[in-house]
There are 2 protein chains.
Amino acid sequence: MEYISGVKQKETVSVQDILTKDLIGTEVKANGAIHNLRDMGEVSFLVLRQGDGVIQCVFEEGTNLTLKDLREGMAIEVRGIVAKEDRAPNGFEIRLKAIKILSAPTDAQLPIAINKWKLNTSLETILNNRPVTLRNLRERAKFKIQEGVVRGFRDFLHAEKFVEIRTPKIGARGAEGGANIFKLEYFGKHAVLAQSPQFYKQTMVGVYDRVFEVAPVFRAEKHNTSRHLNEYTSMDFEMGFIDGFEDIMAMETGALQYIVELLKKDYAKEIATLKVELPKVDKIPQVRFDEAKRLVSEKYKREIKNPYDLEPEEEVLIGKYFKEEYNSDFVFVTHYPTKKRPFYAMEDPTDRTFTLSFDLLFRGIEITTGGQRIHDYGELLKKIEDRGMTTEGMEHYMMIFKYGMPPHGGLGIGLERLTMKLIGEDNVRETTLFPRDLNRLEP
Amino acid sequence: MEYISGVKQKETVSVQDILTKDLIGTEVKANGAIHNLRDMGEVSFLVLRQGDGVIQCVFEEGTNLTLKDLREGMAIEVRGIVAKEDRAPNGFEIRLKAIKILSAPTDAQLPIAINKWKLNTSLETILNNRPVTLRNLRERAKFKIQEGVVRGFRDFLHAEKFVEIRTPKIGARGAEGGANIFKLEYFGKHAVLAQSPQFYKQTMVGVYDRVFEVAPVFRAEKHNTSRHLNEYTSMDFEMGFIDGFEDIMAMETGALQYIVELLKKDYAKEIATLKVELPKVDKIPQVRFDEAKRLVSEKYKREIKNPYDLEPEEEVLIGKYFKEEYNSDFVFVTHYPTKKRPFYAMEDPTDRTFTLSFDLLFRGIEITTGGQRIHDYGELLKKIEDRGMTTEGMEHYMMIFKYGMPPHGGLGIGLERLTMKLIGEDNVRETTLFPRDLNRLEP
């Protein structure tokens, strides 16, 4: 009988191997894609693109293939001697002995020169050609950083005893209500796509006390702006036995602190590639919603048009205010008006026109909505009735309160928005692998 | 200005704190739900359910509240002295000084006694009441183990330099084709829900060489069996620069080895709760598809009806065969017939009626489908044309081959099926938090 017994060490080396294993002067094999071919007259170079970096390779007398035999985009394996070379990326190069072609592209010209440092074209063109423009070193660095954000979020919450859950994306009704729900037919029944895991994560607080989920959510919003997507990744957590909604903000602050440290440690190369200025997150100021409106109205001479909502421009100004006055990239805006929050939001007992809730603004944009939830069955039922709603279709949600729920709350973080502001982009499509918006369903 | 500066240590303790911090003899506070109240005549107990365990609490003379003041399902905070008690779970109990009620359920009777060791009722009833039946200790242990499976999968692949990706679940067309696609309207366009991240993960191999994703997939299959779900979690990876499809099986074997070790280490309590017998996974036998059919046909006197497909019963028999003959819970079945595999599957150059592909069977059920993919543009185009298909709607997929793809392949693992067989269940709904099937869209 033949057996498979686990991963065998490969003969080929990565950039990381060469940097950490003292391979200077030794013969190595390495594979990758041809990122660039450069004929400098006296000397010719081949830049090999690997998943985690590039390796400069230089043609020698006796190399079995020459520039003419090769094309950008080929998958190859090279063999050669590693040599110190200060002018090369990472300080070394491979002096080529042999090149083996593993696969070749058809000879079509690339629609965009992906091996340039910046893709000098419109976002529209970049997205239309996303399957290959992502091979650009700066483009792919963005999504490595995004991986780091998710890893940090998860690892931090795991250490804080949160349990990871997976809740269904097809359901009978939406948690948030409203018109922005995608509908589908489900074996003759009406179904919808989840706008958020809200009801399920609250349900799971009754099971594990603390839970989190990182998963897609779907919003059929007709906004075509630089900050909206119709499918995005929501990083959600929900926690029980809280003393107040400050516990939730504290947990998020802790998560952000952890994420920033993880990025510094494990994603330094991508941070450097994109010249990212990581935010300070040792402490985050908090300000009441009404107070925030008043502050920016005074400082920036702007009339308050709607006392119950924040316009995007106001968010920008609040961000600006806290950067200028407190040198903070973040600000928690608390106590949103009850009428602008969902029925399950807990009202402030000292003034029921406001809720024990918050948004987190980061560099002028809302990246998180959170707050304490109502945990008492009777109170929740009354709120539903007061709003002219019914519990029809929410029986399974109501069940958890009937049989007991601790004081609890949580939040949802928009991953793409957080990544966008983290790396200094201004369109959320820049930090979405394959964005879905009003006009874009492909690639 | 008020600031939030991160997570503050709570005064309350967990089971884990008591076990690791030598708190015997000291006064502690602990919160949780009342899992059980027991009046034993001379002595009364309260079992406190926390996210990660239960704590036996015993009423003392002078405790501020008595059994009569309490109900199961209440969220409470207790204060008392930790004492060694061998008959209690984890070997200790809390002798109660004071109990504070944080929230109370309405007085409705629970539909099911969730504090019994086993829920003695039908799966149907358990699922109908899932939001509360999950509070049962055995039920919730299943999904902790499931968390461990996902963590193990991710952590192993991360260490093997795979990059985590997030691909869209709404798209213009399905990757696998066929009729089992959920359709939806997307701002006046036709859209579908992703059956798999196949095209996207291949695309991302051209970017990072190695990628993985753990995310929901959607199949509009009309099967109502113990092994099918209409929404499930697919653990996918895809890797470039492979020497053959054995590399993919080796990577999966490595992942399974890592997962089993992680479960032993971090999920020992849940493993014990469910009396799980973890499989041996040091080596996994591999057998060709046609050979596997022949072996079970001979040994179990079963006629081969369809030489091109495995019936579920045959999968069971193959599992039985390799358990009996080689004492293995797993078997890789390789070289599936070309006509039963998707167009992108690479054919075996020595016999094009078979593909360089495999399924992994675990205790008699398919939990993985994988294989090498075609990487040459011309070969792929020819295969598409030979099948009478067109590339219409696949332009973005074809683009990656046009501009060069390395030899590559990958797989998808059904998380719920893997968890089901791991813990010895026989219905995939047992290991899905909120299953979606032909008849079930709630809770």
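Note: Cβ is positioned from N, Cα and C throughout, glycine not excepted.
Whatever TrEMBL says is automated annotation, not expert-curated.
What TrEMBL annotates here:
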{"type": "BINDING", "residues": "A:ARG219, A:ALA220, A:GLU221, A:ARG227, A:HIS228, A:LEU229, A:GLU366, A:GLY414, A:LEU415, A:GLU416, A:ARG417", "note": "ATP binding site"}
{"type": "DOMAIN", "residues": "A:143-443", "note": "domain 'Aminoacyl-transfer RNA synthetases class-II family profile'"}
{"type": "REGION", "residues": "A:198-201", "note": "region 'Aspartate'"}
{"type": "SITE", "residues": "A:PRO89", "note": "site 'Important for tRNA non-discrimination'"}
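Recorded features from TrEMBL, shown on the structure.
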| residue | record | DSSP class |
| --- | --- | --- |
| A:PRO89 | site 'Important for tRNA non-discrimination' | helix |
| A:ARG219 | ATP binding site | coil |
| A:HIS228 | ATP binding site | coil |
| A:GLU366 | ATP binding site | strand |
| A:LEU415 | ATP binding site | helix |
Reported mean pLDDT - the domain 'Aminoacyl-transfer RNA synthetases class-II family profile' (A:143-443): 96
Residues near A:ARG219 (ATP binding site) in space but at least six apart in sequence (CB under 8 A): A:ASN180, A:GLN195, A:HIS228, A:LEU229, A:ASN230, A:GLU231, A:TYR232
A:PRO89 (site 'Important for tRNA non-discrimination') versus A:ARG417 (ATP binding site) - Cα distance in angstrom: 31
Residues A:ARG219, A:ALA220, A:GLU221, A:ARG227, A:HIS228, A:LEU229, A:GLU366, A:GLY414, A:LEU415, A:GLU416, A:ARG417 binding ATP per the record - widest CA separation, whole Å: 19
Integer Å distance between the CA atoms belonging to A:PRO89 (site 'Important for tRNA non-discrimination') and A:GLU366 (ATP binding site): 38
DSSP helix/strand/coil residue counts for the region 'Aspartate' (A:198-201): 4 helix, 0 strand, 0 coil
Cα-to-Cα gap, A:PRO89 (site 'Important for tRNA non-discrimination') vs A:LEU415 (ATP binding site), nearest whole Å: 31
Winner by Cβ contact number (other Cβ atoms within 10 Å) across the binding-site residues A:HIS228, A:ARG417: A:ARG417
Among A:PRO89, A:GLU221, A:GLU366, A:LEU415, the one of these recorded positions whose Cβ has the fewest neighbouring Cβ atoms within 10 Å: A:PRO89
